[in-house]
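Undergrad: I'd like to ask you about the structure that follows.
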């Protein structure tokens, strides 16, 4: 063994003892006679002192040490002289006086200093990820990720779940994001797909009698990236037989409660708040509302009917709505700043943005169209105070909700009104389908294997084929046995009770405009499995990366994934994806056409 213990495990009780340690040179300071080294490993830092009085040879050797050299040292632990203690270090009251030093490996000059990260670009950090990961902040993130994963595994094991691995090379059944395809050398012209989720296999495991399955599983989606998305990601995935939504909701709440308690020593409040999909959209303009602040969207259509403002009246007459939100603290905005806010709303799809400042009364070009009493009624409904601004969007209900929902987040960011803590919610009663204007057909709000609510099944089976292509048909009214879990404005996970009868599953496929031939080709194996005695079952998948991101307070998923991709799905460290040689392509019977 190179060492007796980790750096931060050294205790004051060991003063006077000989100790061997290993790690990286974090800092080196030459104070004339003495050389001080901050020795770092994954647990922390300890100060090592080289003195010519102890060993001239080791002292001279220490002169050559540079940042990130890997060394082994042996020495006597001493108490630091009074006044030189470092309260920021666990080991700040002691130091190791070295009598032996071995340089295990050298380091080139660093592209950036590990303790000065503010000015370092993310691209450079990702290129030298092995250096970036040495930083205490990153080490902390991944140790916490490990503890979260272990807490989840232990909890699910205690509840009778069985961990089963599902295939990484599977069939392409695209319904949503693009698949990552893998060509088959042994079956020329055919392709595997990397799984977007283990959906079909975990359902088949329920049909196989496993009753309770879980997996910490890698998933892959070829989609445009943003701060909370990666092409490969990890899910906490589980499925249960003979359950109702309430059973799964209770398991998830208990699991997360124990996870936060064990890992962060935080008591989250359970049961979580519950919202219907309609309520979430109407109040917050999003099906993943951030509940760290209030600012609910209000429908003021009935009130503004009593105004003389033609823009509002015309919108209502055409079947639209007028909705408003409190612009917290925005009454101080200049006209040019309001114009920028209007441009932002327009970038979200709004035709414009009406506003009224609440500042010792009401100020706006449009106040002349409202009576004083009406303005007070609107202000009361929207919940504004002196110093705030009322922001209005007049349009179709869906667009007004979306625009104000996005402005709501912008306002909260500007006003710095997000509360500290973890704010969970369940979103329930989703529509089973939504209309895709581009494809002119209904698509699944979640996925095609989500069960309709019991009271909607007969209605669903009686929907005639011509209604499948009518956005106003009764298809839009069918509700799903689905439940999404939201944390601080992030969709943490989604689940549902699944369809366990072949006839209902086939009917869903038809509503989704999937032909009989396509059903057989893409999902035939799955529909066949449903004909051999499938139990009622349901499950959920939670995004482990997102959970860790929120629990650590990280700004991006890239700070909690060891080797992430950029927003162009590129790995600066390995330079993947990369070209392959012609021999490999020929073996796969692939010819490029770029």
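Backbone N, Cα and C define each Cβ position, glycine as well.
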Undergrad: Suppose a student reads Swiss-Prot and sees 221, 222, 223, 491, 543, 544, 545, 546 listed for ATP. Which of 215, 230 should they find annotated at that same site?
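TA: Swiss-Prot lists 221, 222, 223, 491, 543, 544, 545, 546 binding ATP, and from 215, 230 it also lists 230.
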Undergrad: To which of the residue ranges 191-194, 195-198, 199-202 does Swiss-Prot assign the term region 'Aspartate'?
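TA: Result: 199-202 is the stretch Swiss-Prot calls region 'Aspartate'.
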Undergrad: Of 31, 83, 223, 491, 544, which is closest to residue 446 (L-aspartate binding site) if I measure between C-alpha atoms? They're all recorded positions.
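TA: For residue 446 (L-aspartate binding site), the spatially nearest of the recorded positions is 491.
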Undergrad: Mind checking how the region 'Aspartate' (199-202) divides into helix, strand and coil residues in DSSP?
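TA: Residue counts for the region 'Aspartate' (199-202) by secondary structure: 4 helix, 0 strand, 0 coil.
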Undergrad: How many Å separate the Cα atoms of residue 498 (L-aspartate binding site) and residue 223 (ATP binding site)?
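TA: About 25 Å separates the two Cα atoms.
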Undergrad: Using only the Cα atoms of 221, 222, 223, 230, 491, 543, 544, 545, 546, which the record gives as binding ATP, return the largest interatomic distance in Å, rounded to a whole number.
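TA: Pairwise Cα check on 221, 222, 223, 230, 491, 543, 544, 545, 546 gives a maximum of 19 Å.
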Undergrad: Least buried of the binding-site residues 223, 491, going by other Cβ atoms within 10 Å?
TA: 223
Undergrad: Calculate the distance in Å between the alpha carbons (Cα) of residue 83 (site 'Important for tRNA non-discrimination') and residue 546 (ATP binding site), and round it to a whole number.
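TA: Taking the Cα atoms only, residue 83 (site 'Important for tRNA non-discrimination') lies 44 Å from residue 546 (ATP binding site).
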Undergrad: Whole-number Å distance between the CA of residue 223 (ATP binding site) and the CA of residue 31 (site 'Important for tRNA non-discrimination')?
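TA: It is 55 Å, counting Cα to Cα.
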Undergrad: Including all protein chains displayed, how many Cβ atoms other than that of residue 544 (ATP binding site) lie within 10 Å of its Cβ?
TA: 24
